[in-house]
Amino acid sequence: MATVDLSWRLPLYILLLLLATTWVSAAVNDCSHLKCFYNSRANVSCMWSPEEALNVTSCHIHAKSDMRHWNKTCELTPVRQASWACNLILGPLPDSQSLTSVDLLSLSVVCWEEKGWRRVKTCTFHPFDNLRLIAPHSLQVLHIETRRCNISWEVSQVSHYVNPYLEFEARRRLLDRSWEDASVFSLKQRQQWIFLETLTPDTSYELQVRVIAQRGKTRTWSPWSQPMAFRTRPADPKEIFPLPWLRCLLLVLGCFFGFLSCVCVLVKCRYLGPWLKTLLKCHIPDPSEFFSQLSSQHGGDLQKWLSSPVPQSFFSPTGSAPEISPLEVLDRDSKTMQMLLFQKEKASSPSPSGHSQASCFTNQGYFFFHLSNALEIESCQVYFTYDPCMEEDVEEDGPRLPEESPLPPLLPFTGEQDDYCAFPPRDDLLLFSPSMSTPNTAYGNSITPEERPPLSLQEGLPSLASPDLMGLQHPLELELGDDGEGMSTNSSGQQASVPEAALMGTTKTEARPVLTLNTDAYLSLQELQAQDSAHLI
């Protein structure tokens with residue numbers, strides 16, 4: 001029977017015990033009326049405000065670390081009505097590092113009652129989550145002026161754990177004002193000085209500073225430091241305007257009104273313009289003193305000196321300028337060449353000298369602008385020379401030239417006719433026609449060729465002994481010297497030596513009457529066929 005009664009009472013006892021333990025634990029861990037702060041070094045300051053009036057004579061706070069073998073106790077003293085405070089000194093020195101960021105403290109409030117000591121409250125305290133540093137101290141004025149002042153301070157008992165997270169606030173007030181009207185300055189970095197500006201000269205001020213560590217869950221500002229009083233210097237008697245912006249404003253307004261006054265004077269005074277012009281003109285140098293020839297030539301007109309010597313229409317061509325005639329290049333063995341030679345032989349008269357004639361044209365710039373591979377050459381004379389099929393009689397013992405044999409080489413010109421330009425040496429010299437044609441606009445503007453009188457060649461052309469050598473001779477050969485000039489004959493009229501003839505030996509030849517060349521017309525194949533219908537091709 002006793003066993004049955006115990007079996008149903010045991011669960012009831014356990015339930016009541018659990019409820020009592022939960023109630024006691026809630027009462028112990030309730031720290032809303034106990035506020036403690038750690039100064040990051042060796043001090044924990046606590047403030048206890050009991051929830052109900054207690055009939056006690058004294059109370060203490062006991063601190064125990066979960067990682068260290070010491071217990072610390074401080075006595076609570078009343079600071080105001082229903083408030084008790086004390087400071088737990090954890091280390092032997094105020095600057096000793098007694099706790100770390102992983103330490104936990106168990107704080108208990110114990111009070112003495114009539115029957116003995118009773119534990120009133122117990123809570124767990126995280127030191128680095130509840131930081132409140134000591135107020136800054138040692139405020140001093142570093143530099144002071146009439147409107148500016150530099151003040152510094154110091155902080156102490158700050159752990160190296162929180163030193164990089166410090167921020168400051170400073171407030172300034174006039175000596176006869178309250179702190180509620182003070183100006184607050186925030187310093188978001190670890191700066192232990194402040195530079196005050198826009199102060200009033202010869203005025204007294206007070207300054208206070210506080211610090212906070214931006215670390216942990218609960219961040220609390222330190223108490224304000226002791227106020228430091230200072231006085232600015234009196235103003236200099238020369239300073240008439242106390243505000244800098246007012247001085248700048250007056251300067252700008254003065255310049256503006258001065259400019260308007262000058263404009264009005266220049267507009268209203270008519271005689272001032274010529275006088276000012278005369279005054280400024282005296283400092284301008286007269287160019288006629290340095291350019292006397294131009295001054296006398298243009299009558300002292302400077303604009304005429306600088307203007308163009310020709311009108312603007314001079315640079316715009318109004319009509320098409322005459323051009324040089326196109327050149328006809330004929331093959332010596334072609335049918336057209338044979339027809340031309342036959343027609344010339346039929347209509348020409350013998351030349352007094354017995355040699356062919358050549359027409360010379362002065363071409364200035366044609367080859368420079370129209371030849372793709374032309375070098376930079378000066379203006380020169382271009383000779384257009386041909387020989388209308390001269391036949392020479394040779395001695396009985398000598399060989400006779402065939403009818404289709406090439407023309408003998410030309411002799412160099414004499415006198416002043418040899419001052420033509422030397423072109424780059426080439427193996428393919430062209431036959432140039434001296435005929436003049438109508439200007440062709442496809443070539444662009446060019447200089448009109450200047451026709452010169454026909455040149456007379458000396459008599460006595462040596463004949464070539466071998467037809468093979470004649471086959472190698474070009475129909476038109478222009479012999480040039482080493483210096484680029486043509487070789488000239490002697491003035492006595494002697495026979496000029498030809499290199500080809502010197503190789504074969506000189507023989508006496510008789511020159512047939514040479515056709516008189518018409519240098520003003522060069523008949524084309526169509527014109528020849530129109531004149532002589534018996535030689536149509």
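Using the three backbone atoms N, Cα and C, a Cβ is placed for every residue, glycine included.
The feature compositional bias 'Polar residues' is assigned by Swiss-Prot to 487-497.
If you look up Swiss-Prot, you'll see Cys36-Cys46 (among others) marked as disulfide bond. Cβ neighbours of Cys46 (disulfide bond) (same chain, under 8 Å, six or more residues apart in sequence): Leu34, Lys35, Cys36, Phe37, Ile61, Cys74, Leu76, Ala85, Cys86, Asn87, Leu88, Leu107.
The 10 Å shell around the Cβ of Cys86 (disulfide bond) contains 20 further Cβ atoms across the protein chains shown. Under the heading disulfide bond, Swiss-Prot lists Cys74-Cys86 (among others), citing similarity to another entry as support.
The domain 'Fibronectin type-III' annotation in Swiss-Prot covers 135-235 and rests on sequence analysis. Summed and averaged per residue, pLDDT over the domain 'Fibronectin type-III' (135-235) gives 93.
Residues or ranges marked as region 'Disordered' in Swiss-Prot: 442-466 (among others).
The region 'Disordered' annotation in Swiss-Prot covers 479-498 (among others).
Annotated motif 'WSXWS motif' per Swiss-Prot: 221-225, in sequence order. Residues 132-137, 139, 153, 169, 171, 208-212 of the same chain, all 6+ positions outside the motif 'WSXWS motif' (221-225), place their C-beta atoms under 8 angstroms from a C-beta of that stretch.
Taken from Swiss-Prot, the feature signal peptide applies to 1-26, supported by sequence analysis.
The topological domain 'Extracellular' feature in Swiss-Prot is assigned to 27-239; the stated evidence is sequence analysis.
Among the features that Swiss-Prot reports, topological domain 'Cytoplasmic' is placed at 268-537.
Positions annotated as transmembrane segment by Swiss-Prot: 240-267.
Least crowded of the disulfide-bonded residues (Cys36, Cys74), judged by neighbouring Cβ atoms within 10 Å of its own Cβ: Cys74. Annotation note: Cys36 (disulfide bond) sits in a strand segment as assigned by DSSP.
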